[in-house]
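For reference, the structure is listed below as C-alpha cells.
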Amino acid sequence: MNAQVLNLVAALGVMQYSKKLDFTDPQIVYYARAAYVISNTIIFGVYAIIQARINANNDETPLVYEEPAPPFSGQSNGKLVTTTVKEYDSEQLQKAKRSTMMGVAIMAFMHLYMGYAQPLVIQSILPLISLFTNNLVSIYIFNKAAEGSLSRPFAPPAGLFGGGNKPAAAVTGTSSNSNNASAKSDGPTITELNENETEKSS
C-alpha cells in the first residue's frame with residue numbers, strides 16, 4: 001500500500017479512536033504521554049542502529065546523480081551531486097532525525113503550552129508508520145537490497161495517487177565494503193553521457 005495512503009487511513013482510524021478517550025482524566029493523559037515517549041524512543045533507537053550499520057559498512061562506492069532544482073525556483077537544470085553511498089545514507093538519516101526532532105518540538109509546544117493532549121495519541125502512531133516505510137529502514141533493518149524502489153538516490157515520497165519523479169542516478173566504481181546496502185546503477189554513468197554528447201557535437 002502507498003505509504004501516504006497508509007498514513008491517511010491510520011490517521012483517520014486513530015482520530016476516531018482518540019475521540020472516545022476522556023482527556024480530562026489524568027490517567028488517560030498519563031498513558032498518552034507514555035505512548036508518545038515510547039514511540040519516540042523506538043524511533044531514535046532505530047536511527048542509532050542504522051547509523052551504526054552505515055558506519056560499519058563504510059560503503060565508499062561513488063554515487064553521482066542530478067538533484068532536481070527546487071520547486072518554483074525558476075531553474076530548469078538540477079544540481080550535479082558527487083558523493084558516496086555512506087555519505088548519502090548518513091545525510092538522509094540526518095534529515096530524518098531533524099524531521100523527528102521538529103515534530104517533537106511542535107508536539108511539546110502544543111501539549112505543554114497549549115494544553116492539547118489528543119495529538120499525543122496520533123503522534124504516537126503515525127511517526128512509527130513513517131519509520132517502518134522509510135527506505136533506510138528497509139535497507140539496514142529489514143536487509144532489503146538497494147535496488148528498484150530502494151535504489152539511490154531515493155525517489156521523493158509519492159502522493160496519494162502515486163507519482164513522484166526520481167532524479168537520474170549513476171553509480172561508478174566499486175567498493176570492497178559494499179553489500180546489500182550498496183547502490184546499483186540505473187543506467188549509463190554521467191561520464192558516458194558526456195562522452196556521447198561530445199561525440200555527437202564533433
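Glycine residues also receive a Cβ, built from the backbone N, Cα and C atoms like all the rest.
SER185 is the residue among SER76, SER90, SER185 that Swiss-Prot describes as phosphoserine. Beyond the transmembrane segment (34-54), the same-chain residues lying 6 or more positions past its ends with a Cβ under 8 Å from any Cβ of the stretch are 86, 89-90, 93, 96-97, 100, 104, 107, 120-121, 123-125, 127-128, 131, 136-137, 140-141, 181.
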